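As annotated by Swiss-Prot, compositional bias 'Polar residues' applies to 57-66, 116-128. Residues annotated as compositional bias 'Low complexity' in Swiss-Prot: 481-499. Residues annotated as domain 'RanBD1' in Swiss-Prot: 310-450. The phosphoserine annotation in Swiss-Prot covers SER32, SER33, SER40, SER58, SER151, SER265, SER285, SER287, SER304, SER471 and is backed by similarity to another entry. Residues annotated as phosphothreonine in Swiss-Prot, with similarity to another entry given as evidence: THR56. Feature annotation from Swiss-Prot assigns region 'Disordered' to 1-128, 141-196, 264-303, 447-499.
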Amino acid sequence: MADLANEEKPAIAPPVFVFQKDKGQKRSAGGSSPEGGEDSDREYGNYCPPVKRERTSSLTQFPPSQSEERSSGFRLKPPTLIHGQAPSAGLPSQKPKEQQRSVLRPAVLQAPQPKALSQTVPSSGTNGVSLLADCTGAVPAASPDTVARRSPSEAADEVCALEEKEPQKNESSNASEEEACEKKGPATQQAFVFGQNLRDRVKLINESVDEADMENAGHPSADTPTATNYFLQYISSSLENSTNSADASSNKFVFGQNMSERVLSPPKLNEVSSDANRENAAVESGSESSSQEATPEKESLAESAAAYTKATARKCLLEKVEVITGEEAESNVLQMQCKLFVFDKTSQSWVERGRGLLRLNDMASTDDGTLQSRLVMRTQGSLRLILNTKLWAQMQIDKASEKSIRITAMDTEDQGVKVFLISASSKDTGQLYAALHHRILALRSRVEQEQEAKMPVPEPGAAPSNEEDDSDDDDVLAPSGATAAGAGDEGDGQTTGST
């Protein structure tokens, strides 16, 4: 029977360590083995498969029955060896067996470190916790003999010690990370950030450049980025150039700057007005200059601008020239506004010479004290001389109408006697006609007196002949008077037509 038993049940091989594969194996839905918890733990990466060990005796090499394997529910997991820490061999823990079993805990979230880790983990589990390389490397280091020699209580103590050291390690790692961040904090604050605290950097760069150069001459360091910051150097140089240019251009005129000083400045206006008064001292009188200099203390912008332009304006004044008209030695008797017409023989019509001021002047003769008169007429505006004739005894004068007078006078253009027509108001025409008639009669009487004085005393036989001569003279004068009257009638008709 013993031989049959040996043939049916093969001998149990010595315990062998089973390593976890890269790919997780799914548990079958119908499986109800007591190692289901181990399969669930195997799915996560932070689990090392336990070593199946059974008690062996040197006497019997046959395995016990399945009931004995199920009755022994304790399965010992190999300790997780951490590099640099030895497993603690202390007293067995007094915790119950339910707590001695390793319970799956969530991953501990740690703050990201500024520097990348030098060692990278090849793979990770489903819950994000990286696989420990020590798990695969530490298990082969333990031989089956050492595992078999350890008691269950010692193994449980080692597992608990490792669990207690893991949070301590996490805390220590967090503390070290905080210290590293605190150490790197000042370094990052000292580092240059583009556009940050630009005013402080620009203001202090002129003061601290010399000191930094003296300090860094012997031992240059990388903590002073301003020494090599070309942007700040350019800003400092541009600021220096701007200050220099501002000092240089401060004396130049800027439109709209210091308007109150430039416009409403009484001293400046007084200086300008005084200079202008000096230039125009020869032209203006003292009273006018003093009145211009006296300006009110408070004046509006328009008044000040007008005063400034008046003071600075250079007036081109012509020298006063004495006007010589030739009438200085004559006394004016009558002047009137009128129109002057001249009779054209070729066209038999009246041609207007112009309108202006007609003056009747009297002048005493130097020879015998007799009165000499003349008519002078100048155009209005240009004062062009259009009539200048003396009154003589044979001058013909006739009143053509109520507002016109026809006279014979010397023409200034061709120096000949022509017939002129003077048209004016009825009042002026009546005064002019009366004045001319009175002077012509006086001239005629004087001519007659001169002729009588020159004539010798007549003989008694020669008297009839003289009477005949006088009658002949009267006959000669009569036709001339008739012709003059006919011309006067014709002139009246033409005057009415022209007017």
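Just so you know, glycine gets a Cβ as well, placed from its N, Cα and C.
For SER304 (phosphoserine), the number of other Cβ atoms no farther than 10 Å from its own Cβ, over all displayed protein chains, is 18. The secondary structure of SER304 (phosphoserine), as reduced to three states from DSSP, is helical. The domain 'RanBD1' (310-450) scores a mean pLDDT of 90 in the predicted structure. With DSSP classes pooled into helix, strand and coil, the tally for the domain 'RanBD1' (310-450) is 28 helix, 64 strand, 49 coil.
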